[in-house]
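Engineer: Provided herewith is a single structure, encoded as C-alpha cells, for subsequent inquiry.
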Ligand code: URA
C-alpha cells in the first residue's frame, strides 16, 4: 500500500456504518454489523498481498493456480474493542496468526498504559495488521505500533472503523510507514477523547457494557 490513508467508500460499508452510529441500534445488531464491515475492510487492506502459484489438479487437468505467498499474516487486536474487528477478519483469513495488545487509556491524561502483550513469532517476516475500531487521539494506536516494531515487525498496516483527524495526524507523525484503512474520518474529538459524531464507546456498544 502506498497511500497513508484509505477511506473505504463502498456503499455497503457506508450503509452499515450509519446503522452502527445510530444510538438505538442493539448490541446484537451492532456486533453483527461490525463483523460484516470488518470483512469488507479486510478485503480492502489485503488487496495487494503478494501472490505466488501452486500446481494443483482440477478434475480436468493440472494448472498453476494463484495462492498467497510468504508467511501467514498476523492480526493484532488492540484489546478489547479490537476483538470485534478480529472475529470477522478471522472468518475471512482463518489461517492468520493472532496477537493481542492490552492497553487502557488513562482517563485523565488520555495516555495509553500497557497491561498485556502477546504476539506471533517471526513478526519481521509477516504482514502485520493492527485492528482497533476507533482511531481517536491515536496515542494507543501509535504506542501499540511502536511495541510491534520493537518486537520486530517491519510491514504494518492499521485497520479501524472510524478515525478522528487528530488520530490520523498522530499516526502519520509517529508512523508514516504504516498505512491506515478506515470507513470514515469524522469531524473531531470531544474533550473526553471521543470521536464526533462517532458512534460512542465501541467496546461498550459491542459488549453491552456501559
Ligand atoms: N474509543 C471509542 O470507543 N469511542 C470513541 O469515540 C473514541 C475512542
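Along the chain as shown, residues are numbered 1 onward.
Backbone N, Cα and C atoms are what each Cβ position is placed from, and that goes for glycine too.
As listed in TrEMBL for this protein:
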DOMAIN    8-209  domain 'Phosphoribosyltransferase'
BINDING   80, 105, 132, 133, 134, 135, 136, 137, 138, 139, 140, 201  5-phospho-alpha-D-ribose 1-diphosphate binding site
BINDING   195, 200, 201, 202  uracil binding site
Engineer: Around the recorded uracil site, report the further residues of that chain (criterion: Cβ within 8 Å of the mean position of the Cβ atoms of 195, 200, 201, 202; site residues excluded), sequence-ordered.
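Structural biologist: Counting only non-site residues, the set is 133, 134, 162, 194, 198, 199, 203, 204, 205.
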Engineer: Find the shortest Cα-Cα separation between residue 195 (uracil binding site) and the binding-site residues 132, 136, 138, 140, and name the residue that gives it.
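Structural biologist: Nearest listed residue in space: 136.
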Engineer: Are any of the binding-site residues 80, 134, 140 near ligand 1, with a Cβ under 6 Å from it, and if so which?
Structural biologist: 134
Engineer: Sequence gap of 6 or more, Cβ distance under 8 Å: name the residues on the same chain that satisfy this around residue 200 (uracil binding site), in order along the sequence.
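Structural biologist: In sequence order, the residues whose Cβ lies under 8 Å from that of residue 200 (uracil binding site) (at least 6 apart) are 23, 194.
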Engineer: Just counting, how many other CB atoms are there within 10 A of the CB of residue 140 (5-phospho-alpha-D-ribose 1-diphosphate binding site)?
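Structural biologist: The answer is 23 other Cβ atoms.
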Engineer: Nearest of the binding-site residues to residue 201 (uracil binding site) by CA-CA distance, picking from 132, 134, 136?
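Structural biologist: Comparing Cα positions, the closest of these binding-site residues turns out to be 134.
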Engineer: Give the distance between the Cα atoms of residue 132 (5-phospho-alpha-D-ribose 1-diphosphate binding site) and residue 202 (uracil binding site), rounded to the nearest whole Å.
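Structural biologist: Here the two Cα atoms are 9 Å apart.
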